Amino acid sequence: MIGRLAPPWDRLLLDARLATLRDDLGAYGVVEAGALAWKDGLLAYAGPANELPGDAAGLATRVESAEGRWITPGLVDCHTHLVFAGDRAREFERRLQGASYEQIAREGGGILSSVRATRAADEDSLLAVSLPRARSLCADGVTTLEIKSGYGLDFENERKMLRVARRIGEALGISVRCTYLAAHALPAEFAGRADDYIDAVIGWLPRLHEEGLVDAVDAFCEGIGFSPAQTRRVFEAARGLGLPVKLHADQLSDLGGAALTASFGGLSADHIEWTNTDAVRAMAAAGTVAVLLPGAFHVLRETRLPPLDALREHAVPMAVATDLNPGTSPLQSLRLAMSLACTHFRLTPEEALRGATVHAAAALGLHDRGRLAAGQRADFVQWRIGHPAELAYWLGGDLVHSVHVAGRRLG
Ligand code: NIG
Ligand code: FE
């Protein structure tokens with residue numbers, strides 16, 4: 001690697017302030033008076049300018065100044081449902097008048113109303129309505145994105161969603177990880193036959209995987225979703241294909257979803273408001289990341305907090321994601337999710353930034369990104385800020401100066 005990344009580099013940025021998020025460098029892994037270089041899409045140098053191996057002018061094909069701007073790793077949104085048609089603004093109105101999320105779901109609204117709209121859309125129109133949501137995440141610094149299926153709930157429509165997710169990655173020039181979430185809700189045609197539906201979900205998976213459409217498998221383990229036993233069957237099918245698992249776990253009640261995920265060595269347990277301390281220990285032992293989703297917590301006006309003290313005590317990495325979806329989290333900015341994680345969950349702005357970079361990457365099983373260090377992908381953002389805490393401080397705002405993905409400037 002060092003040989004391959006030896007100078008001459010493609011580009012060297014001087015006069016940069018780096019929030020590397022490396023653990024050995026203190027808060028935010030800050031390097032003031034830093035330099036950042038890359039070659040062939042990978043970072044070749046991320047450190048103090050005065051420790052560069054030679055005269056700057058001779059090190060790279062192009063040498064430029066970052067004019068003192070802060071640079072962080074590209075943000076990673078590790079949990080979204082941004083491919084869907086329609087919206088649920090009317091349900092938002094109803095919830096504000098007192099109806100609960102569960103009540104609306106049991107009446108056939110909620111996820112199933114997005115299923116009806118998504119089934120009715122053809123692939124191109126689904127892409128056309130979903131792309132702007134992905135664009136808005138990218139405009140705020142996201143360079144890697146996870147997108148789930150789960151509003152199709154039959155073979156063709158799950159496939160259509162996953163194909164749209166892949167096409168979004170191609171259209172925007174970013175990395176998109178596709179997650180199969182057919183076990184999201186029970187479609188009307190399987191009413192009263194949840195186990196049969198799980199058989200169907202398991203049956204569709206190998207074909208979708210063969211088409212290169214699946215990077216991980218998820219389920220909604222909840223009273224209004226699927227039972228732990230049904231979830232386990234989906235996980236076993238995933239394991240049989242060598243696919244990693246993750247879970248919508250313990251969001252509205254403690255069904256033991258996070259512990260189940262850990263027992264499969266899962267990538268992440270997400271939401272986890274009701275997860276107990278034993279399950280947190282199991283996550284720590286399994287290396288399962290805790291994905292905090294403060295957008296859904298905020299929109300549903302929840303009060304039960306994830307077990308933050310236990311997560312910290314057992315050193316479970318905490319990621320932060322938007323959960324961008326039409327029902328519980330119509331949240332189109334990962335920075336705003338970071339802000340909500342600070343205000344609702346009392347994360348520090350540094351924890352929120354680690355949660356939206358290095359820990360989010362780990363939640364996707366990606367260890368080649370999320371920090372600024374030689375050998376990592378050259379995914380990084382230059383910001384118009386005076387301190388990295390501002391990334392979680394501003395609610396909205398246009399803070400991005402520029403975004404690079406694998407060394408290429410976006411947009
Ligand atoms: O992460 N809880 C299940 N899935 C989504 C909500 C999806 C929806 O309501 O459309 C979530 O909150
Ligand atoms: Fe979700």
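Glycine too: its Cβ is placed from the backbone N, Cα and C atoms.
Since this is a predicted model, take the numbers as computed values, not measurements.
Among the features that TrEMBL reports, Zn(2+) binding site is placed at H79, H81, H248, D323. Cβ neighbour count for H81 (Zn(2+) binding site) (all protein chains, 10 Å cutoff from its Cβ): 27.
For H248 (Zn(2+) binding site), the same-chain residues lying six or more positions away in sequence with a CB closer than 8 A to its CB are D218, A219, F220, C221, E222, G225, G257, D270, H271. The Fe(3+) binding site annotation in TrEMBL covers H79, H81, H248, D323.
According to its DSSP assignment, Y151 (4-imidazolone-5-propanoate binding site) is coil. Taken from TrEMBL, the feature 4-imidazolone-5-propanoate binding site applies to R88, Y151, H184, Q251, T328.
TrEMBL lists Y151, N325, G327 with the feature N-formimidoyl-L-glutamate binding site. Cβ-based neighbour count (10 Å, all protein chains) for N325 (N-formimidoyl-L-glutamate binding site) stands at 26.
Annotated domain 'Amidohydrolase-related' per TrEMBL: 70-408, in sequence order. Taken as a whole, the domain 'Amidohydrolase-related' (70-408) shows an average pLDDT of 97 in this prediction.
Take the Cα of R88 (4-imidazolone-5-propanoate binding site) and measure to each of the binding-site residues H79, H81, D323, G327: the nearest one is G327. Around H184 (4-imidazolone-5-propanoate binding site), the same-chain residues at least 6 positions away in sequence with a Cβ under 8 Å from its Cβ are I111, K148, S149, G150, Y151, L153, A219, F220, G225. The most densely surrounded of the binding-site residues Q251, T328, judged by C-beta neighbours within 10 angstroms, is Q251. Note: the Cα of N325 (N-formimidoyl-L-glutamate binding site) and the Cα of H79 (Zn(2+) binding site) are spaced 10 Å from each other. Note: the Cα of T328 (4-imidazolone-5-propanoate binding site) and the Cα of H79 (Zn(2+) binding site) are spaced 13 Å from each other. Selection of the binding-site residues H79, R88, Y151, N325 by a Cβ distance under 6 Å from ligand 1 yields, in sequence order, N325.
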